[in-house]
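Participant: Okay, here's the structure, questions in a sec.
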Amino acid sequence: MSSAQDPFYIVKEEIQESIDNLLSTFHQWEQTPTDSSEQARLTKELLAACESIEWQVDELDKTIDVASRDPSWYGINDIELGKRRRWTSNARAQVGSMKKSVVAGKQSNGTSTSNLGGMRRELLRLPDSDQKERSNAYNARDNDDFISSESDRQLLLMRQQDEELDELSASVVRIGDVGLTIHDELIAHDKILGELDTEMDSTSNRLDFVQKKIAMVMKKTSLKGQMMMICFLIVLFIVLFVLVFLT
């Protein structure tokens, strides 16, 4: 899983932004006169922000504990787990130092200046020590994003090629089906033509036979008999024609 998609880094960025805002408010609190209403307001705001950030860090620690049970399933290793625990530890220490300073308040000018100066150095040191880790995380995230983008592009091209091949295969199958249908129709038509040709030959043979019989009868009978025979044959021909062609 890339850093951009890892929920840990998303929550981490949100918490780090809250810590940066808390540090800015803390510097403003340092410059505010003692026992003023503005300092009281800032003190209340700082304590509430510290409580909220500490709760978020605790929740993030719980997710790290869950991931440590099966790191491979979450796509991380022991080194990454150690980095995440160090960050939450530093964040908790940073917020705890500000919270203690706010609760203690300013006792005296000299003592307060010395303590706050040391506190400022500690607060500034903690994010600086995490700056390299954040920079490495950003670089790793950029590399992961580039690799993920290239991988997604390659997968998209392969998917498009697969879809084109599927469409081509479907077209070939459709053409083959049409060819088989045409072949079957041609066979059926050829069969019908063969049957019709057979019927025509049979009918022609019957007519020839009838004509020969008529000629033989006409030779043997008189004119009156021939006329009767002709009428009879005509009727017979009509009957045969009806039987052959109309039934």
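Just so it is clear, glycine is given a Cβ too, placed from its N, Cα and C backbone atoms.
Grabbed the feature section from TrEMBL, which reads as follows:
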type     : residues : note
COMPBIAS : 106-116  : compositional bias 'Polar residues'
COMPBIAS : 119-135  : compositional bias 'Basic and acidic residues'
DOMAIN   : 155-217  : domain 'T-SNARE coiled-coil homology'
REGION   : 98-144   : region 'Disordered'
TRANSMEM : 227-246  : transmembrane segment
Participant: Within the domain 'T-SNARE coiled-coil homology' (155-217), what mean pLDDT does the predicted structure show?
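Facilitator: Computed over the domain 'T-SNARE coiled-coil homology' (155-217), the mean pLDDT is 80 on the 0 to 100 scale.
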Participant: Going by DSSP, how much of the domain 'T-SNARE coiled-coil homology' (155-217) is helix, how much is strand and how much is coil, in residues?
Facilitator: 63 helix, 0 strand, 0 coil
